[in-house]
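S.K.: Quick one: the structure is below, questions incoming.
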């Protein structure tokens, strides 16, 4: 797979995760509602930024980003969430799994971009990996 193709898959994942985490944000229940509501807001805002950054990089490489939800659904590798009631522990377990998926995808992006001589995408992918690995560590500590 080429760099721009991986970027498109990641862009699809980012928009699906944006919606998925909104679902968690709106539908969490329990005594820790306020903390989880705030935490999930920060997370979905991060996915909005990621979606935009990926789209812009795709354009910079001379390709067209995803512009419809139907395109995103076809390309995503993330499982949508259709339930509408959640407890915080379940939310954070699901987000942790999604972060691990993204970590794998950004490693693939970094390696592929490196082979193609695309240093800018390598830097972007590695920056995302650093953020994801910190988030994974924090969620694992929270769930321990």
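Glycine is treated like the rest: Cβ placed from N, Cα and C.
Just lifted these from Swiss-Prot, have a look:
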BINDING   25, 52, 56  Fe cation 1 binding site
BINDING   56  Fe cation 2 binding site
S.K.: I'd like the number of other C-beta atoms within 10 A of the C-beta of residue 52 (Fe cation 1 binding site), please.
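M.R.: For residue 52 (Fe cation 1 binding site), the count of other Cβ atoms within 10 Å is 13.
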S.K.: Measure from the Cβ of residue 56 (Fe cation 1 binding site) and count the other Cβ atoms within 10 Å, all protein chains considered.
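M.R.: There are 13 of them.
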